[in-house]
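Asks: The following block contains the structure, expressed as structure tokens.
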């Protein structure tokens, strides 16, 4: 079973796998551990990753990047509207109202959903992992920003399904970093001790996230998170791009933003310049040849000037840091360390701001680029039964408060209540109780829209079906279980109606009490102390109490009333049972039919990419063969081909080369396969003659050595040398005969081959020589390597017990003499022989 962690970044992605030796970040086909989050669409196939990145400028309209933030967002979303001007490709509104990506693929215009494009990238990362692990990859853990909303998380989950992955957990990026940090720490405080508080700061290309975590031995608890969803490395790039657009506009009279390719080139150069300025404080040049209208442009920038231009961005670094301390109610002195990751934290001014705020040196013990993917791989290993990992519990938080809203018959209007407050532990479940006579709907929403980086606070609607009143017409008790799961996704996971049945007393009067207690126990196990706070008030004000209290009160009241009855009167007995209720939901998520369709389409596109790759490989094989043979015909193959054959073959190679760049530019795979076979029919005999000429002398030499060795053994045997005197004369004669035959065969073939021209096929082939060597060895080797028979040494006669003299006058004992006499006259058994020896010992 594979264990894979995927860091699905805005600009680049990383894949880590768990192996017996630990966690390893794997490299792609370009030997690079960083895979660009980029997909390019062509007339015949898709390019994904590094291959797509190289087409950003040449195929700008059909190369998609920066699509991560479109997950779960409507086309009318203000964020999407703001992003349009930064995109080289077109985005469109899909029939669902969501954002789609418009490209030309396979010679026709296509609209892809964000989930489909992300699935393409995930498929590529999956392929990379499979090529390294040499086995299928299914289970994985994928990272998402901690500020992702329910809709965005569901969208990423859909993308993983389209890619054929089973996502065990959507893991918040800062939580993954915290896991990578904490699981290897051996000096964490014990569970009963005060936890170690560590702040994790992650500033990537598109966003800025901060979390504070409490560590104990084998335990990680996220206390609070804060973020700036638009502050990242690309904002600093934009400062440079805008500066040089303005400078080059004045200096060279160029309107750079009117030409998307020029803008993309400038963006790439500005990103390089920003990275250089992180290590150099001096003036650095920026030069681009043939930038626009065949004009070369150049400019300079230094770190000091750059930081001045970024003052407003740097001012946004502190607020999230202050926010996590306020939320967690911690002081700066309570923070043990501040760990920074993410590419943008390499900017010196950013590091300085963070360090100054906490008043301590920053910790850089984690790999800034790979910490997230390593944390995801560790989480996948923890969840996988295939790996034994040190126990480490992870408690995350809910980033935004979640509330429920419903129609209240008692209040004749809407009622609502906060189910999960901000920074509530996750994953977590709660059981809520409602009193209803008919089906009802719960609307889940984020209760602080002002803090939400998303225009719509609505999460979903859940309709509880088949709710009926009790047999006496009263409202039924409905238990609803709500949950924030490991992915950070909210749902109403189940609903059950409690039916009350009254009957006469049976032989087991205590069963009702026991059932009630079990019911209460189950409810307590599933919920926190505040679970019942959002139950709906029943029709009668007197019943406005917690569920458990109502049950206990009603049972107690019933007993009190029945106490004064005559003994012969039968007591009423209450039994309860639960009935599961169906739930219908309205979500920002793809339905099963669309998921199946997109999965099928992804499979077709993968197959098309594979076929196109095979076609290109076949074409490249023809081109490679043409160049190889043309060079070798005038080189090492020159002696092995006649003048006429060389001229004919050379002409054929030239014709093939011209065909490749004309009619053969775009042909099916089989045409290239046939063309290569046609060329090899002319070239292979020449290549074979060359190879035979190279290998034949070596094999003849080996055969000659074998013959000499066996002749030497025969001579030694005839000279009656001790080493071979044990051999049978008939066997040696057999060796001599085989050796002489092999020598005659070799001399004959050598003479014929020496008379043969190199331009024709050889008289004897290497396979024949190898067969002769094998034949000679199989006959002679067993005979000459026959070992000498072992000469056994003469056996020593066993010593008798009577040879030992009497000890301490024992010889005078008559009994002893009798025993000795008996030993001399009788024939003892094996056991009897050993007895005297044992006595003497």
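Heads up, the Cβ atoms here are built off N, Cα and C, so glycines get one too.
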Asks: Annotation phosphothreonine per Swiss-Prot: which of the candidates 468, 540 has it?
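Replies: Going through 468, 540 one by one, Swiss-Prot annotates 540 as phosphothreonine.
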Asks: Looking at 40, 76, 577, which residue has the phosphoserine feature per Swiss-Prot?
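Replies: The candidate carrying the phosphoserine note in Swiss-Prot is 76.
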Asks: In Swiss-Prot, which of these is labelled phosphotyrosine: 14, 336, 625?
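Replies: Among 14, 336, 625, the residue Swiss-Prot annotates as phosphotyrosine is 336.
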Asks: According to Swiss-Prot, one residue among 105, 661 carries the annotation phosphotyrosine; which one is it?
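Replies: When Swiss-Prot is consulted, phosphotyrosine appears for 661.
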Asks: Measure from the Cα of residue 53 (N6-acetyllysine) to the Cα of every one of the modified residues 393, 415, 661, 774, then give the nearest.
Replies: 661
Asks: Between C-alpha atoms, which of these modified residues comes nearest to residue 757 (phosphoserine): 393, 661, 680, 774?
Replies: 680
Asks: Counting other Cβ atoms within 10 Å of each Cβ, which of the modified residues 53, 774 scores lowest?
Replies: 774
Asks: Let me check the 10 A CB neighbour count of residue 661 (phosphotyrosine). How many other CB atoms are there?
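Replies: 9, counting other Cβ atoms within 10 Å of residue 661 (phosphotyrosine).
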Asks: Just name the winner among 89, 336 (the modified residues) by count of other CB atoms within 10 A of its CB.
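Replies: Of 89, 336, the one with the most crowded Cβ is 89.
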Asks: How many Å separate the Cα atoms of residue 393 (phosphoserine) and residue 415 (phosphoserine)?
Replies: 36
Asks: Taking the Cβ of residue 757 (phosphoserine) as centre, how many other Cβ atoms lie within 10 Å?
Replies: 11
Asks: State the count of C-beta atoms found within 10 angstroms of the C-beta of residue 415 (phosphoserine), not counting that atom itself.
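Replies: Other Cβ atoms found within 10 Å: 15.
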Asks: On a C-alpha basis, identify the one among 76, 89, 336, 415 that is nearest to residue 680 (N6-acetyllysine); the candidates are the modified residues.
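Replies: So, of the listed modified residues, the one sitting closest to residue 680 (N6-acetyllysine) is 89.
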